[in-house]
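Undergrad: This is the feature table in Swiss-Prot:
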- Asp92: active site, proton acceptor (ACT_SITE)
- Asp265: active site, nucleophile (ACT_SITE)
- Asp92, Ser93, Gly94, Gly95, Phe96, Asp146, Gln188, Gly215: substrate binding site (BINDING)
- Cys303, Cys305, Cys308, His334: Zn(2+) binding site (BINDING)
- 246-252: region 'RNA binding' (REGION)
- 270-274: region 'RNA binding' (REGION)
Amino acid sequence: MFEFVCQQECAHTQARAGLFHTPHGTVATPRFMPVGTLANVKTLTPEHLKAAGAQMILANTYHLHLQPGEDIVAAAGGLHCFMGWSGPILTDSGGFQVFSLSEMRQISDQGVVFRSPHDGQIIELSPEGAIAIQEALGADVIMAFDECPPYPASREAVIQATQRTLQWLERCIVAKQRSDQALFAIVQGGVYADLRRECAEAMVPYDLPGYAIGGVSVGEPNRIMHEIVAVTAPLLPVHKPRYLMGVGTHLEMLRAIAAGVDLFDCVIPTRLARHGCAIVQGQRWNLKNARFRRDYEPLDPTCPCYTCRTFSRAYLSHLVRAKELLAYTLLSIHNVTELIRFTQAARQAILEERFAAFAAEWEQRLVVDAEEPDAALL
């Protein structure tokens, strides 16, 4: 039911191209996955996502538990029916949101107690509860409940969080009942390479369908994040998909792909769109800038998305300045397409045994051009 097939490995890096088979379709890796927090990728329909090349998307356990509630989703036939998406879906366990968003939380070995930001209700979330919610939601891939330590955090605090994550993984495995869902473990360990290694080595014997690297991109310097990913990814089974959570910029994905990572997710394409920004060839363009007001070129002439085929930079700039809702949809279409196309290009380069050259070219390109003050590196 779930199988990862490695099609090609890079001779010079750890990069690999593969196929991840799920009950709702196959995901060609490396692949960027759009984030649909509340069972929708903001401003986009399933048809938009398909046209952008999306194969698997995410939904958020924490937020869906709070609203509308997993019982309502289950009564609709699960997430696929509820949101009208026929492809694979991944749900996170809610751990990251509990630890990063919730106030007045209390953490113990049993789980987490926190106050709902919607109505102030006290909510308890345990490993067993996280699995039960995800089974009701019905995604293809579900994530183990973990404790995500903040950055910075003391070594002692990270040790405790890592040990608790391992204990909670065991409970998630015992609690899981549905055979049509793949449970992924999440490797923690903060910025400490030895703790990452210990956590990964403790998780691998469970022989789960996939493994994720969590607790990165939480405020640590990019250099440290890349080092942690480079250390952790090779420790994970070669015949299972590797998922880097919450990462989705060009440079981050490029280096993670070179380290052997297969799957990525991030809210950045739609979040930037809602702020009037486009991602173009790895750079961030603020379309409120005056230089776009009379620029009648496509946003990116090389991009095949609906936005780039149909509208000019000047028109998009006008929509952004006027705060027209259409701007957010059109920019989201392009930004999601841009990140998916980038991972598709990396995959093709791996298959054609030219990834090392591809990576070197993009490494050189992904530098802020001093002559382009409106461009920011992504």
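Even glycines carry a Cβ here, placed using N, Cα and C.
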Undergrad: Looking at the recorded positions listed here (Asp265, Cys303, His334), whose Cα lies nearest to that of Ser93 (substrate binding site)?
TA: Asp265
Undergrad: Tell me which of the recorded positions Asp92, Asp146, Gly215 ends up closest to Cys308 (Zn(2+) binding site) in space, Cα to Cα.
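TA: Given the candidates Asp92, Asp146, Gly215, the nearest one is Asp92.
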Undergrad: Among Gly94, Gly95, Gly215, all listed as binding-site residues, which has the most CB atoms within 10 Å of its CB?
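TA: Neighbour-count leader: Gly215.
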Undergrad: For a quick check of understanding: given the listed substrate-binding residues Asp92, Ser93, Gly94, Gly95, Phe96, Asp146, Gln188, Gly215, what is the maximum Cα-Cα distance in angstrom, as an integer?
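TA: Value for the max Cα separation, rounded to a whole number: 15 Å.
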Undergrad: Counting only residues 6+ apart in the same chain, whose Cβ is under 8 Å from the Cβ of Cys303 (Zn(2+) binding site)?
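TA: Same-chain residues close to Cys303 (Zn(2+) binding site) (Cβ under 8 Å, separated by 6 or more) are His334, Thr337, Glu338, Arg341.
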Undergrad: Of the residues in the region 'RNA binding' (246-252), how many are helix, strand and coil by DSSP?
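TA: So the counts come to 3 helix, 1 strand, 3 coil.
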Undergrad: Please report the Cα separation of Asp146 (substrate binding site) and Cys305 (Zn(2+) binding site) in Å, rounded to an integer.
TA: 37
Undergrad: For the residue listed as 'active site, nucleophile', which residues of its chain lie six or more apart in sequence with Cβ-Cβ distance below 8 Å?
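TA: In sequence order, Phe32, Met33, Pro34, Val35, Leu58, Leu90, Tyr243, Met245, Gly246, Val247, Gly248 meet the Cβ cut-off.
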